[in-house]
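See structure below.
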Amino acid sequence: MTIKSDKWIRRMAAEHGMIEPFSPELVREANGQKIVSYGTSSYGYDIRCAREFKVFTNINSTVVDPKNFDPKSFVEIESDVCIIPPNSFALARTMEYFRIPRSVLTVCLGKSTYARCGIIVNVTPFEPEWEGHVTLEFSNTTPLPAKIYAGEGCAQVLFFESDEICETSYKDRGGKYQGQEGVTLPKI
């Protein structure tokens, strides 16, 4: 597997709609203000967080169970910023919609700007032929409230292309998160 360059990312976005909306350059400023960067970088694409958030709360005193997740464990927020309580987390989604080619697997890593503040961004790989909005998980590891920004960069996607096409893609096996839109909770 080889990592793909900015030229490849631009070509795949333009010719195959791999990322929509797409920024062909790295954007570091908006309306004269510095922002957490997003867009195409040398060997990746910095994704943005949308304005939809689900902030975890324990008001119902439930047990967190990935096989039987209680959606009432979240407070839904639509805003340009989201405050995550201390030692808690929030779910969000990307502004970008992805269509991953059959020969490609991605790895997504949180941006150091957030990591240096104790905010960890977790995203699983995007598998071959998966498509949808990416559900993001922001963990606030600090004892203080933490702020995240919609419309700004939050993580970087790295694209790896195999020298051999996979036998069965995510789409072929009917992956449960195929075509997801909005913030998607756990499914079994």
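Each residue, glycine too, has its Cβ placed from N, Cα and C.
Listed in Swiss-Prot:
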BINDING   Lys111, Ser112, Thr113, Tyr114, Ala115, Arg116, Thr135, Leu136, Glu137, Gln156, Tyr170, Gln180  dCTP binding site
ACT_SITE  Glu137  active site, proton donor/acceptor
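Classification of Lys111 (dCTP binding site) by DSSP places it in coil, neither helical nor stranded. Maximum intra-site Cα distance, dCTP binding residues Lys111, Ser112, Thr113, Tyr114, Ala115, Arg116, Thr135, Leu136, Glu137, Gln156, Tyr170, Gln180: 34 Å.
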